[in-house]
Amino acid sequence: MLSFAASARHVGRSQLLRATRRSYATETTSKKPSNLPLYLMGAGVAGLGSYFYLNSTGKSVITQEKSPLDPEDFKDFKLKKIVPYNHNTSEFIFELPNNEASLLPVASCLVVKSSDPEALKDEKGKPIIRPYTPISPPEKQGELTLLIKKYDNGNASKHIHGLKEGDTLAIKGPIPKFPYKVNEFEEVALIGGGSGITPLYQIVTHALSNASNRTKFTLLFSNVTEVDILLKSELEALQKKYPTKFNLVYMLDKPPAGWTGPSGYISKEVLQQHVAPASLNERVKVFVCGPPGQVAAVAGKKAGMKQGELGGILKELGYTEDQVYKF
């Protein structure tokens with residue numbers, strides 16, 4: 001049954017990718033409604049299929065015809081709640097109509113802009129649009145959660161942090177990224193920095209929640225200080241729940257006294273110690289997401305919204321472009 005669900009999700013992603021390629025030319029724990037298997041049939045996000053689960057009698061019960069999100073057009077969603085996370089980051093929980101689920105395929109992101117066309121523009125007068133990856137699961141009913149760090153030079157993040165509960169934000173998506181399939185790889189390395197944790201978190205929570213998962217994950221998460229570590233309690237809960245499938249490694253630029261983990265910038269030695277070797281060929285995948293400088297040092301610069309040539313430390317260690325994906 002799980003393999004059927006995985007297949008259905010893959011079909012949905014493929015159809016959704018074709019539907020969204022033409023619409024996007026610019027590129028960033030809660031109780032489940034049921035503990036029964038949830039399935040996405042066809043491209044439910046694009047409105048081409050249906051989202052349903054099997055009830056206790058084994059009969060399918062249609063609960064949602066399509067996602068409330070639109071990959072073609074921006075739609076306004078009301079900010080339901082703001083939950084401060086640390087000194088510069090908060091969770092922004094948006095209300096999904098009719099208690100619907102987002103049905104977001106993994107891995108994918110959304111793009112956002114101000115609901116007020118005059119409120120968030122660049123120097124040329126064009127709307128500022130930015131990508132964000134939700135941290136709420138695709139089946140979460142009624143809510144979509146974005147974890148957003150406020151940057152001093154980030155106009156979009158400052159605008160969102162200025163919103164009040166009851167305000168709206170224009171959201172479009174999903175924007176498909178990497179079509180993750182359960183057990184496609186034996187080893188997966190997740191290399192992240194700062195708020196770049198969100199797409200990596202999306203993948204690892206999706207994969208580990210699947211009872212058939214056999215892939216081993218290692219997350220190497222770099223931050224400036226310990227207080228900057230986002231999703232810390234959630235990540236540590238995953239490590240505790242899946243000790244043989246999830247290895248969590250924190251790395252700090254400015255570690256506190258008594259810190260026993262690695263510190264400083266991500267180095268060749270650190271990657272050799274914690275990341276599965278390139279010699280595993282198609283059995284290993286490395287996902288990278290973080291500040292542009294970190295991504296360039298680890299895996300080479302992205303070419304706009306395209307992957308760009310592989311470079312940096314991973315290339316020095318013998319990894320190929322097929323083995324590395326840059327968010």
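A Cβ is built for glycine as well, from the same backbone N, Cα and C atoms used for every other residue.
Any TrEMBL annotation is an automated prediction that lacks curation.
If you check TrEMBL, you get these features:
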BINDING   Arg130, Pro131, Tyr132, Leu147, Lys149, Ser157, Thr198  FAD binding site
DOMAIN    72-181  domain 'FAD-binding FR-type'
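Long-range Cβ neighbours of Ser157 (FAD binding site) (same chain, at least 6 residues apart, Cβ-Cβ under 8 Å): Arg130, Ile148, Lys149, Lys150, Tyr151.
Around the Cβ of Leu147 (FAD binding site), the number of neighbouring Cβ atoms within 10 Å comes to 21. Residues Arg130, Pro131, Tyr132, Leu147, Lys149, Ser157, Thr198 are listed as the FAD binders, and the farthest two of them sit 15 Å apart at their Cα atoms.
Around Thr198 (FAD binding site), taking its Cβ as the centre, 24 other Cβ atoms fall within 10 Å, counting all chains. All protein chains included, Tyr132 (FAD binding site) registers 23 other Cβ atoms within 10 Å of its own Cβ. Summarising the environment of Arg130 (FAD binding site), the number of other Cβ atoms within 10 Å of its Cβ, over all protein chains shown, is 20.
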